[in-house]
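Quick look at what TrEMBL annotates:
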type: ACT_SITE; residues: H13; note: active site, proton acceptor
type: BINDING; residues: I15, N66, D67, N123, D168; note: Ca(2+) 1 binding site
type: BINDING; residues: N169; note: Ca(2+) 2 binding site
type: CARBOHYD; residues: N169; note: N-linked glycosylation site
type: CARBOHYD; residues: N223; note: N-linked glycosylation site
Amino acid sequence: MSDDFDKASFNPHGISTFIDKDHTVYLYVVNHPDLKSTVEIFKFEEQQRSLIHLKTIQHELLKSVNDIVVVGPEQFYATRDRYSTNFFLALFFEMVMDLHWTYVLFYSPREVKVVAKGFSSANGITISPDKKYIYVADVMDKNIHVMKKHDNWDLTPLKVIQLGTLVDNLSVDPDTGDIWAGCHPNVMKLLMYNPQDPPGSEVLRIQNVLSDQPRIGTEYANNGSVLQGSSVAVVYHGKLLIGTVFHKAVYCVL
């Protein structure tokens with residue numbers, strides 16, 4: 001990473017990439033320096049295998065940001081996963097009261113606005129391969145919201161897919177359009193970690209997302225003996241990479 005960037009306070013969360021017309025790759029990273037929320041923009045230098053920091057984005061609506069999906073130069077959707085900026089207050093008060101105060105916002109240099117709200121805890125977010133639909137995981141409600149994207153960047157809710165497990169981050173297979181979700185089968189094991197009884201991992205694949213009956217399948221499951229706290233799964237050309245909240249990653253050949 002470039003020397004002019006403050007790496008000491010770098011606390012990355014969600015990430016998203018954007019490839020320009022000249023094939024330049026930009027990496028957008030949700031950052032939490034000093035428990036705040038910013039979005040850092042980097043340019044990827046492939047030959048040097050380095051990230052050049054270009055810009056830090058801050059805004060009053062960018063609070064408790066969890067994940068982003070970039071849709072254009074300095075244009076992205078972002079999720080807010082809790083309303084209170086105090087983690088423990090949000091964890092117990094918002095969870096116990098079952099409040100639905102979190103939202104999805106759209107950011108651009110010209111306009112910043114809330115485009116979807118009423119989530120218990122808006123978490124992972126991604127976009128369909130044709131760029132027409134936005135998918136948002138509500139981790140505490142155990143579901144995925146499917147929304148249509150409009151030319152003015154507003155979102156219209158279309159459907160909610162119930163999964164019966166805590167959905168963390170989402171990715172989309174660029175070839176098939178299937179959603180891959182990293183999930184947590186037991187939230188208490190995740191929050192109250194016990195190395196003798198660790199949290200398990202679960203990866204779901206949602207096919208035919210826009211149909212009346214999406215097909216939901218379990219592609220990977222483990223009781224924690226191999227992988228603990230799966231948070232994301234990405235598939236590419238028959239290969240699967242599963243990431244976790246605090247554990248290791250697993251590479252699978254499908």
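Including glycine, each Cβ sits where the backbone N, Cα and C put it.
The structure displayed is predicted, hence computed values, not measured ones.
Taking the features listed in TrEMBL, we show where each one sits on the structure.
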residue: H13; record: active site, proton acceptor; contacts (Cβ under 8 Å, 6+ apart): V29, V30, N31, H32, V65, N66, D67
residue: I15; record: Ca(2+) 1 binding site; contacts (Cβ under 8 Å, 6+ apart): L27, Y28, V29, V30, I68
residue: N123; record: Ca(2+) 1 binding site; contacts (Cβ under 8 Å, 6+ apart): N66, D67, T79, D81, V136, A137, D138, V139, V167, D168, N169
residue: N223; record: N-linked glycosylation site; contacts (Cβ under 8 Å, 6+ apart): G200
Subject >> Ca(2+) 1 site, defined by I15, N66, D67, N123, D168: further same-chain residues with Cβ within 8 Å of the Cβ centre >> reply: H13, G14, V30, T79, D81, G124, I125, A137, N169, S231, V232
